[in-house]
Amino acid sequence: MWVRSSRSGTRRIVVMKVLSERRQVVALSVLSAVAVLVTASQTSALNSRLSNTVVAPGAVEVEQTPQAAPKPPAIEILPRTGASDVVPVGAVKVTATVGTLTDVRMQNEQGRVVAGRMVGGGRAWEPAEPLGYGRSYKLSATGQGADSRTVTSVSEFSTVAPQSQVGVRLGMTNGASLSEGGVYGVGTVIVATFDADIPDRAAAESRLEVKTSPHLAGSWMWVNDRKAHWRPREYFPSGTEVTVKADLYGTDLGGGLFGEQDKQVSFRIGPSRVAVADDTTKQVSVYENSRLVRTMPTSMGRGGTQTVGGKTIAFWTQPGVYTVMEKQNPVLMDSSTYGLPVDSASGYKISVPHAVRISPDGIYLHEREATVWAQGNTNVSAGCLNLSAENAEWYYEFANPGDVVEVRNTGGAPLEQWQNGDWSVPWDEWVSGSALRP
C-alpha cells in the first residue's frame, strides 16, 4: 500500500490497492479532510461480496433470498368418492385449494350432463341445477397451478332415494291456490298445505319463506300436521308486495319423507277493505282505506241452540275477525250440511243470490229479501248476515278474497281459528304455534 500527497495543501488523494488471489478491486474516493486506511481483512470481506462489482459510495447492497418452488395444484371435491344418500341440493362443491379450476364435468349414470357454474374467480364450482333422487353421479375436476402444472380429481357418489315424496300447495283459507300476480285483501292468510302428514315440522317450516315489501313481522302457525298458516302481526298495508317460497326439494322432512318440488308465488295486497258488523246497531259499516263508503242494515243470527241427534247446533253469528273466503252467485244453502234436517222446523234448502262466504261452516253475507223487515232492528237468521238485494249485490261486487269482516257485540262463543278465525288468535298464541319458535 502506498500514499501520495499533493503540494496544493488543500486535498490528499488516497489510493488503495489490494491484491488478492481471486481478483483485483480498485476503489477510488475523494475525501475532503482525512485519509481513510482500509485494512486487508476489510477489503477481503468486501471482495467476497462484490464479486468483481464496483460499488459506488453510499450504495446499499441487498441480499436476495431464493424463491420457493410453487405448490402443485390441489382440488377438493365434496361429496367424496363412495358417498351415498347424498341430498340432491347444496351438497356438491368443488374447490381448488391451490391454483384454479380449468375444467369440471359432472354427469349421471345415464350420461346426462349436469349444468354448473364457476364461482370465486375460478376457485370453486357448483351445480346450477338440483340433482335427481336415487341417481349415481361422476364428477371430474381439473385444476392448474402457478407453474402451469395440472391435476385431475374424480368423485363418484349416489343421491338419496326417498321412501316417499310430498308436495305442497300455497293457498288461502278457502283451499284455493294463490294466483301469480293476484290481488288480495289486507286480511289474507297464507296457507301451506302438504300432501301428507309432516313428521319434522321444523325442517319443513325452515324451507318456507314469506317476503314482503315493505317488511312486515309475521309468523307461521301449524294448525295440524299438514297445514301451516302465515299472517303478519297486523293487517297487511295496502299495496304490499308479497312473495311466498317453499324450497322443499331435497329437504328431509322425517320418516323417509322428502320434498317433491319447490313452489313460489307472488301477489299484491289491494285496497284496505274492512266491513264491521255491529250487533248493537245491526248495521254493517264498510270502510275502504279507512274511509266509510257504505252502511248496510243487517239481520244476524237469532241466537239459541237446538240439539239434533245428540249434536247441539247454535244459531249465533259468532263474534270475531273473519275474512272473505269466496263469492257465489247463487249458492245452494242446505241446513243438513251442518246437521239440521231440511224437514225440521228450522231446516232449509234454498238458492241464495249474491253470497259472500266468510267461514267454512257456512256463514255468509248474502241477499235475503224475505228478512228486509228485520234488517237493522231484529236478528232472525240461522247465523248468516242477511242483506237487501241492493246491498248484497253491491257488497258482492265490492269484496275480494282476503278482505276483513269484523263481527262485534254478538252472543255465542268467540270465533275459533278453524272457523276462518286466524285473526282472532292473539299474537303470542299465534307465534307459539310455530315449529321454529325461540
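Using the three backbone atoms N, Cα and C, a Cβ is placed for every residue, glycine included.
What TrEMBL lists as active site, proton donor/acceptor is HIS366. All chains included, 24 other C-beta atoms sit within 10 angstroms of the C-beta of HIS366 (active site, proton donor/acceptor).
Annotation note: CYS384 (active site, nucleophile) sits in a coil segment as assigned by DSSP. In sequence order, MET300, GLY301, THR317, GLY362, ILE363, TYR364, LEU365, HIS366, ARG368 constitute the residues six or more apart from CYS384 (active site, nucleophile) in its chain with CB-CB distances below 8 Å. Here TrEMBL flags CYS384 as active site, nucleophile.
Taken together, the residues in the domain 'L,D-TPase catalytic' (273-408) have a mean pLDDT of 95 on the 0 to 100 scale. Under the heading domain 'L,D-TPase catalytic', TrEMBL lists 273-408.
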Residue distribution over DSSP helix, strand and coil in the domain 'L,D-TPase catalytic' (273-408) | 17 helix, 60 strand, 59 coil
